[in-house]
Every structure is written in structure tokens, then in C-alpha cells.
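Data first, discussion second: the structure below is written as C-alpha cells.
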Amino acid sequence: MLQTTGQDRTRRGPGPARQGRPSVVVGRALVLAVLLAQLLDPDLVARAAPVLAMAGIVLGVPHGAVDHMVPFWTGGQRPTARALGGVLAGYLATAVVAAVALVVAPTPTVAVFLLVSAVHFGRAEAVVSASDAGRPVPGLLQDVPTTLAHGLAVVGLPLVLWPAGSAQVLGHLAPAWGSPLPVPARVAIALVLAAAVLVAGTGALRDGRRAEAAELAMVVVLFAVVPPLAAFGVWFAGWHALRHTARLLDLLRGGPSAPGTARAAGRFARHAAVPTLASLAAVLVLAGPASSPAAVGAALAVVLALTFPHVRTVTALDRWAARRG
Ligand SMILES: CC1=C(/C=C/C(C)=C/C=C/C(C)=C/C=O)C(C)(C)CCC1
Ligand SMILES: [Fe+2]
């Protein structure tokens, strides 16, 4: 019952546009809504930022909560207790190494976390856009401008344009990150981001991928004008997590136009339930029920530990999808 090896969206040719996909529509609508709120009542958005960040983290966690099943869904191997135990042990070991690294060497660990996150977020956009449009899934070194543009917009813009607010949160992970980045580093990030946005945006427009160019513009504007915790909360749950979940549901039901969404969602929820609860319990223990920048920092420590095995899983999924594409 668990060994679906469904065909990924990579398999179909230029098929139904992604425009109507709920995961895409909801993400765009949420980003536009928070941009509108920022325009109408910036104080409200600023006050709501820690709550939005906590809500975003809580709602975004389940997108990685079936990571332990992904190797079986792509590999066709039956998830026997032994095989599942092996995958889980590898996953947890990676998370524990990351958590220990955070305690032992917080400054470089946060730097690596930010870099890995930028690549993960950017790659997710490059991969999902390509497969939604029926293009082959790009390899790790392909469509680099799109990866850089999206990844640096999400992770870099807060550091560049919102240095104090970002430092306030990241300082809870590593004291050295509690001071804003030095100006030369901020300028360097801004220049790379600007070049990547220019190349990725004009490339998309030249190829007639207007929606992708517009989405990039939306993400850049979101992280440029909305306080980082609010922007990140909305984007993480409403954009990144939703799109990844939609991709996994396609995988489970054997393609984007295959029937059985409800059944696939049920299976997803069944497999995600225990890991989600365990992660959220860890967030609650570390962060407490409050929604302050300190609580967000504590919740981020859990996210950091889980990010490394999550990224390993998604990288393997991308490689599998690229081979099939
Ligand atoms: C830079 C920066 C942030 C970065 C958060 C990151 C990088 C989260 C990564 C999560 C991942 C990779 C989840 C898995 O899918 C904050 C704290 C939001 C706001 C302050 C500045
Ligand atoms: Fe992710």
C-alpha cells in the first residue's frame, strides 16, 4: 500500500498550465494580501510579524514531515520496518549532527544553514516551475540564475535591507549573528541578487514565461518591503511548503492530472502526522507558546536541525525527477 512509484510532473509534456493549481494560486494570493496589508497598515504587519513567523513555521513543517517516505515513493522499494528504520536513522543522525554543530560552532553553522537554505529555496522554485511547465527538471548546476534569484531574495534580502530585525532573530541561534552583517557583505549579496534577478527575469520574459518573471518580482518585492519575520512566515507556509506538498501529492497519485487527490492527501497526512507532532513538540519545548523574536529564534533552531536532512531528501528527489525528465 505504501510503495507508489507515481510519475512525477516531469513526465508530462507542456500540459495544463500551473495557473489554476491551488498551491500556486494560494501562495500568490497570500503574498499579495500581505503586500496590501503592508501598504495599508504597516504597523499592523510589524506587530503581527512574530505571530506570522511562528504560524508559518508551524504550518510549514509538515512539508518535510514525509521525507522519510520519499525514498520509497521514488524508489519503488517496500518500506519494510528494517528499510524504514535505516532511512529514519540516517535522517535523525543528520539532524543531530546539525544540532550539535549549532551548539559547538554556532557562527559557521548558521552561515552554512543560510547558504543551504538559499540553495534549497531557490532550487525548489527552479524545479517546480520547470516541471509545472512541462520542461525537464534542471540539474543542480542548471538554471542557476533562477535558483540564486529566488534563494537570495528569501534569505539575503532580509539580511541586506532589514539588518537589525534579522540580527535580532539570528542572534538567538548564534551570538555573532546578533550584529547586522558588515556593509561590504550586504553590498556583495545585493549585487549578486540584482544580477541574478536581472538574468533570471529577462530570461523568463524572453522565453514567454511571464508568470515566472512576475512571481520572481513578487517574491523580491515581498522580502524587500515587508518585515522579514512576516514575509518569511507567509512565504514559507503559503509558498514553499504548499508547492512542495503539491509536488509530493502528484508523486503519490501518479501525475498532476491523475485522479485521487483526496486519497493522496490522506496518505500524506497519515505519514506526516507523527513527525509533524514530534517536530512541533520540539518547537514548543524550546520556544514555549509565546510568539516573540526569541521564540522564533528557538523555533528556528529546530528548523535548522531538520533542514539538513530535508535538503538531502529533496536533492535526491530532484535528481530522481531530473533522470526521469
Ligand atoms: C535570514 C533570515 C531568516 C532565515 C530563515 C531561514 C533561512 C529558514 C530556513 C528554513 C528551511 C530551509 C526550511 C526547509 O524547507 C529569518 C529568521 C526568517 C528572518 C531573519 C533573517
Ligand atoms: Fe523545504
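Every residue gets a Cβ built from N, Cα and C, even glycine.
From the candidate list H120, H172, the residue TrEMBL records in the Fe cation site shared with H63, H240, H244 is H120. Within the same chain, residues 23, 26-28, 30-32, 34-35, 38, 45-46, 48-63, 121, 124, 149-150, 153-154, 157-158, 161-162, 165-166, 169, 197, 201, 293, 296 sit at least 6 positions outside the transmembrane segment (217-242) and bring their C-beta atoms closer than 8 Å to a C-beta of that stretch. Taking Cβ pairs closer than 8 Å, the transmembrane segment (44-62) reaches residues 34, 37-38, 226-230, 232-238, 240-241, 245, 272, 276, 279-280, 283, 287, 291-293, 295-296, 299-300, 303, 306 in its own chain, all 6 or more past its ends. With a threshold of 8 Å between CB atoms, the same-chain residues lying at least 6 positions outside the transmembrane segment (20-38) that come near it are 44-45, 52, 132, 215, 218-219, 221-222, 225-226, 230-231, 234-235, 238-239, 242-243, 245-246, 256. In sequence order, H63, G64, A124, V128, V314 are the residues near H244 (Fe cation binding site), counting only same-chain partners six or more apart with C-beta under 8 A.
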